[in-house]
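Only one structure is covered here, and it is reproduced in the block below.
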């Protein structure tokens with residue numbers, strides 16, 4: 001332990017204001033070193049019987065000399081004239097031989113005897129040295145300490161090497177007991193060093209483990225954060241994937257066309273793909289830079305496209321046909337003549353129909369002069385594109401809607417079904433069930449969800465043998481087709497299901513897919529589709 005103390009404090013810088021204590025202690029060490037060196041010609045090998053006595057004499061003489069030398073003015077002046085570096089070197093020269101003598105040439109028993117007899121006095125000397133240097137350390141600046149740290153370490157290593165070399169040079173002169181004591185000291189030192197190294201390794205591993213765990217936590221938090229970002233982005237770009245309803249039932253879920261559509265038919269299967277869309281003004285839609293009718297046709301590859309609320313006049317039909325000529329060759333338009341730029345329906349087809357009808361054949365009725373119905377006949381079915389009248393603000397047209405329109409269309413369908421099944425599609429302006437509207441309780445008296453309209457829808461269409469294809473395929477799925485512009489409800493998916501494919505019961509089993517395309521913008525409605533096996 002003494003070696004460690006000397007090595008630790010021998011390199012500390014001295015402050016001029018506190019050098020007196022240190023120099024006083026240094027005088028005793030210097031004088032002892034001179035006495036020790038004067039006996040250097042005598043071999044260090046001492047018999048075991050006399051070594052203890054000799055050491056005790058040396059220690060006693062050292063103790064007496066220390067008291068005498070501290071008061072020596074000449075030595076004090078000599079020390080005061082030294083620089084910091086000289087004092088440091090003198091200290092090392094003073095104590096290193098003493099340590100070599102004490103620990104390098106003593107057997108283990110004599111070493112114990114020495115430390116027992118004189119250890120208390122020697123420890124008191126060391127304590128005085130430690131306190132003196134500690135006081136200097138407190139008075140010195142942090143900058144001085146930093147500057148001398150590296151040199152102190154290197155000088156300490158030099159002292160260790162000198163002691164080790166001295167031990168090796170005198171190893172042959174030591175007897176078995178000396179070798180035993182030296183071996184025990186070395187083993188103890190090695191164990192301490194290994195313990196220090198292992199403790200440092202454990203500490204390093206602990207720090208590395210903490211850093212790894214911190215990194216894992218950060219990665220987990222980043223992962224969670226990225227996951228939250230992805231979910232938030234998905235909600236913003238695909239709001240229809242989140243269930244939006246005021247009072248949803250436990251088994252309801254949101255419609256997602258990416259996951260809820262069946263695989264396509266095998267190649268070679270005869271089928272027809274029909275799409276319908278309330279465009280809320282066709283001319284405005286075609287002017288949108290973000291919309292391309294050609295791209296829509298290429299993406300969906302439909303055979304027939306039904307349109308509602310085209311709002312075009314008869315004079316505009318040819319111009320619109322040219323704009324759509326790249327899509328399909330056959331198109332049929334019904335325009336309102338009672339009110340210009342209002343209502344209007346159309347059917348555009350790559351398949352040439354067998355026949356085309358406009359209206360229901362009831363001349364003079366409002367629904368025939370408002371351009372609300374176009375019927376095309378194909379080989380295996382009739383296709384009706386219709387835009388059902390809205391009951392309007394204040395439900396002004398409610399009675400016309402349920403007493404005239406619904407009943408007339410129902411009879412018209414029944415007449416057609418006498419020859420072929422019917423596919424009725426378009427904006428039917430009715431959310432039939434509570435699952436078909438975001439806020440059913442708040443819209444009890446709103447046009448499209450009144451009890452009268454819903455009852456008429458059921459009595460005139462469903463009870464007469466037509467099948468709601470989407471609800472049959474997706475009984476507990478919330479899927480909307482209309483979102484009002486007024487409150488920006490499309491972003492939050494607070495909508496209505498007003499657009500349908502109703503088919504005759506005789507062909508309902510041939511329906512492969514009835515789907516919604518909520519990602520297509522350009523109107524307050526979105527397109528819906530039907531794939532029917534022929």
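Each residue's number is its place along the chain shown, starting with 1.
Keep in mind that glycine also has a Cβ here, set from the backbone N, Cα and C atoms.
Those TrEMBL annotations? Automatic predictions, nothing curated.
TrEMBL assigns the feature region 'Disordered' to one of the listed ranges (165-185, 186-206, 207-227, 228-248), namely 165-185.
For residue 525 (active site, proton acceptor), applying a Cβ distance below 8 Å and a minimum sequence separation of six or more within one chain yields 277, 278, 279, 280, 427, 481, 482, 498, 499. Just so you know, the Cβ of residue 429 (site 'Transition state stabilizer') picks up 24 other Cβ atoms within 10 Å once every protein chain is counted. The separation of residue 309 (Mg(2+) 2 binding site) from residue 429 (site 'Transition state stabilizer'), Cα to Cα, is 12 Å.
Around the Cβ of residue 309 (Mg(2+) 2 binding site), the number of neighbouring Cβ atoms within 10 Å comes to 22.
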